[in-house]
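The structure under discussion appears below in the form of structure tokens.
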Amino acid sequence: MRKVLYQKYRPTKFSDTVGQDSIKRIIVNAITQDQLPHGYIFAGERGTGKTTFAKIIAKAINCLNWNGDVCNQCEACQAINSNSAIDVFEIDAASKNGINDIRELAENVFNLPFKFKKKVYILDEAHMLTPQSWSGLLKTLEEAPDYVLFIFATTEFNKIPITILSRCQSFFFKQITNDLIQQRLAEVAAKESIKITTDALVKLADLAQGSLRDGLSLLDQISNFSESKTISLADVEKTFNLLDKEQKFGFIEAVLSGDLKQSFHLIDNFESQGINFVHFLRELFALTVDLYGYVKTGQIAVVKPSDQTMAAKLRFHPKQYALLVQAIEANTGYGPSQLSLSDQIKAIVIHYNNAVSKEPHIPAYTPVVQTQSPAKEHVPSKTVEEAKPQLPAKEPVLYKVIEEPKVSSFVKDPVASKLIEQPQTIVQPEAQQEITEVEQPTETSPAPATDLFGLAIKPEVVRKRGRRPLSVENTDFFQPAVKKLIQPVSKPAPIKLIEPSDNNPVSIPIKLNRAVIAVSVYGHNDPKLVAHFQQLLDSFKREFTQAEKTKDSSYLKQFSDKFTASDLSKVIKVLAASPFGLVLIFEDKEIATRLWKEALTEATAQATLLEIFQQNLFLSSFTLSEYETKVLAKVEQLTHKPQVLQLQQLEQLSSTVVKKAQKTAAQEIADTFFKGLYEEK
């Protein structure tokens, strides 16, 4: 029966192996010097030579004619090659991974070899062993006799217990380069009389993805395509359902041109042709990386020779290629880890250049050269009177304080005017930071301590209460803030800050009032956003209700805070919505009060809002009666839009819990290039 190519041409000695030269050198020296450990761990991708090396090592330590390599002629070598050696045990750890199997192995370890010098245990797919099995191996591995060697082969090194790692030597088998795979495929094709072009071999090596075994399997498969003519690149693409270069470049051009209709049309065509999308994504990523390098450097040599003609015809900005690279990586598993090492480095360079381009200015680094100070000249001593500095008659004025003109309130009710004054920036409430003020030497009375929400704490309140916290619901503590600007008159000078002290009390940041949020949201209310958020909320409530009926406890695990999610399931409706906030109506007053406070102070609560509504939002929640008494009148008195509430603090709050950005790079590309669904250009 004919052997498949990867079995027929599997290396049987060290000199036949490719791509793992450093590992080969270390192991050969260890065998020659008789300094083998009790165990080896071989980790790496499939088809990189782990099991092959293990079997060659088993021959090497038992070879009767060892001279830097195995002879493949002695009794030991031939027995191992034919899989009939009774002292070499090749175990499939994926199927024999139970504690009973390991106990049986441990009992036999201390028996002397029957025929050879050493016994070898090769455990393939070792990461499949159970924790109990690993525990059973610990003592055996540590106290193994000198005539026993363990070799663990795995594709998932991270699953090997640290206690095992500390008792073995670990080697990481890298993927075989495309050049080495192509060279080996050419040698095998010549020996098997397979007529195939160089371009076809290059494509097969690329399809192998660093696995020499996969490359030989692909060559074996394509060898049956035709017995009479030479196999070409087109034959390979047709056999394995691959895109030709015209189709790949056509797709990239459609995407980067913003032609959504053509892009979707091409994808549908690819699907009807049975295209291998797994390989297509990997090729698309690698090709886009090369095109970015070409456009950025102007050097066509960075693109593969077969793609250079098509690459020269494209006319796109490097930023567009960078965005496409990020979109593929963010939405699929085909990022840099699937590329060759050189392409991985190129992808890193793209990410760095793209990040640097967003920075407004990065100053050049100038190294500080330390020089030896010259010897000081002798200065005659002066009397105390002579040494006094001569002060000017009057210090020049560097700054003066002016008052910004007051803006008349657009709300008749003075209390409402305090509520709807909006912040310049927002301070996280629980931070309890203290705000230092610029010294005002011209003022006789203490200036009102201003917060960052457009309100000021009344001076008499500051004098009476000092540093004690203020109630956010009591509006009698506050008055409209007077903004003070520092304006340079002559030359700039450092601003002197007053340090906080008992004689100079400073303001304490206050929490946002939910009425403030509600009025701001209403000032920017968008009916489309109301419908959008209501739809998201209804969908969430349906799933939540269904999970409660079926007692599906796993449903709530997807949310950062199950209590916040449970509260939100009791919303009656979305009353108003803006890009930065929501107004929600509840029946339960306790839930409404608790929810808006937690949304401002609790990272898990804000993260749950982000998970349900898909963006960070200020939340204002009421019962219907509360809304009518606290907000409705103020909303009706609005004469112009209030300021927008900034979301930076909420984003920082939720980012401590939610690790992934909600908006992917693919969505960024869609926003940039796709100007509407199925639009004609």
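Cβ coordinates are placed from backbone N, Cα and C, and glycine is handled just like the others.
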Checking Swiss-Prot, the member of C63, C168 that binds Zn(2+) with C71, C74, C77 is C63
Students should find that the Cβ of T51 (ATP binding site) has, within 10 Å, a number of other Cβ atoms equal to 18
Apart from the site residues G44, E45, R46, G47, T48, G49, K50, T51, the 8 Å Cβ neighbourhood of the ATP centroid comprises F42, A153, T155, F173, S211, R213
R46 (ATP binding site) and C63 (Zn(2+) binding site), compared by Cα position, are separated in whole Å by 27
Taking only the CA atoms, the spacing between K50 (ATP binding site) and C77 (Zn(2+) binding site), expressed in whole angstrom, is 18
By a 10 Å Cβ neighbour count, the lowest-scoring of the binding-site residues R46, K50 is R46
Simplified DSSP label at C63 (Zn(2+) binding site) comes out coil
Here the Cα-Cα span from G49 (ATP binding site) to C77 (Zn(2+) binding site), rounded to a whole number of angstrom, reaches 18
The number of other Cβ atoms within 10 Å of the Cβ of C74 (Zn(2+) binding site), counted over all protein chains shown, is 15
